[in-house]
Amino acid sequence: MRLVKKNVIINGIYEAGVRYPEPANISYLWNFGFFSLVCLIIQLVSGILLAMHYSAHVDLAFNSIERLVREVDFGWLLRYVHANGASFFFIVVYVHMLRGLYFGSYQKPNAMLWVSGVVIFLLLIITGFLGYVLPWGQMSYWAATVITNLVTVIPVVGEDIVIWLWGGFNVDNPTLNRFFSLHYLCPFIIVGLVGLHIIFLRENGSTNPLGVKSNVDQIPFTPYFTIKDLFSFMIFLVLFFAFVFFAPNYLGHPDNYLMADSNVTPAHIVPEWYLLPFYAMLRSIPNKVLGVLALVLAIVVLAFLPFLTISEVRSSYFRKIHKHLFWSFLALCFFLGFLGSQPAAAPYLTCGLYSTILYFVYILVLFPYIYMVEKVIIKSILKTNKK
């Protein structure tokens, strides 16, 4: 113990991983932050190994991945771990964020913790899109063409930015090189932001299901939460490798097993499943500028939740109306994801437009201000009980 106390690094690890106090009543939903870190490590390691075999050239990219899968020892494992790792990364991040919404973890004094998380989420989306292009399959190529074209809505400099992204006048070899470089860089930026996120977490400590301060009822991280994390980690690995070994392409798209062809347009251009709700918002609005604005604001607006919310009570555990709102909001998100996977035709576009409006009503109006309604109801109940 004396050696631990003397060494700054060892003592820091000891304090963070052994003695760090956590609320005694936190549930397994709080493990998804740990899962996010696990997924980030999986993606970093598998991505670096994949980059050793990848050729960022339009004539070689598709074949280099096929060669990796067919000829390199355990190359198939590398590819499917990385591909499914991205999907699982988004699953755990979505659950992590939804848990924050449900239990009010985004409210002050954790505002900066939430904002840093939204920034990480935005960077994850960018990284995921860049990686989706790299296999240079049919869906990769056309997704890159459609999404990069959206940058043209930026006034004055939009056209110039698109030409710079493309490295020419259409998606081609320079585009692939740029996307590969940025996709390789972004995870390391995310690592830095995760470090900042953890610093903000340590500043005020973890929240809990009741949404109240728990300075008294706390227990050390080890052994209680270490065992809890290890148990849930084993379950996570079982589920993850079940997809890797038995359904490696279930979360992918079959068109990406066809080499990119600029002369053949897929019948239905879609991004990865985890971006479908935002894609539904983008295409449901007829005006291109407003569609892109809705797409960006749908993510950015989440960062303003801590500053819009006026509730004195955090957790939905004590807020029945907020609880029902949360579950209806979750159903809306699933519905938007379904709409994003469907062809761009009626009635999907009409439903998408109304769902997009409803999404912003939830975030900007209902979640922040429903507390006023709850407060009036509580006061009326208290008055009735007094009588």
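Here the Cβ of each residue, glycine as well, is placed from N, Cα and C on the backbone.
If you check Swiss-Prot, you get these features:
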BINDING   HIS82, HIS183  heme b b562 binding site
BINDING   HIS96, HIS197  heme b b566 binding site
TRANSMEM  32-52  transmembrane segment
TRANSMEM  76-98  transmembrane segment
TRANSMEM  113-133  transmembrane segment
TRANSMEM  179-199  transmembrane segment
TRANSMEM  225-245  transmembrane segment
TRANSMEM  290-310  transmembrane segment
TRANSMEM  325-345  transmembrane segment
TRANSMEM  353-373  transmembrane segment
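Comparison of 32-52, 113-133, 179-199, 225-245 by number of C-beta pairs under 8 angstroms to the transmembrane segment (290-310) places 113-133 first. Secondary structure at HIS82 (heme b b562 binding site), as computed by DSSP, is helix. For HIS82 (heme b b562 binding site), other Cβ atoms within 10 Å of its Cβ number 18. The Cβ of HIS96 (heme b b566 binding site) lies under 8 Å from the Cβ of PHE32, GLY33, PHE35, SER36, GLY117, each of which sits 6+ residues away along the same chain. Cβ-based neighbour count (10 Å, all protein chains) for HIS183 (heme b b562 binding site) stands at 21. Between HIS183 (heme b b562 binding site) and HIS197 (heme b b566 binding site), the C-alpha separation comes to 21 Å.
HIS82 (heme b b562 binding site) and HIS197 (heme b b566 binding site) are 24 Å apart (CA-CA, integer value).
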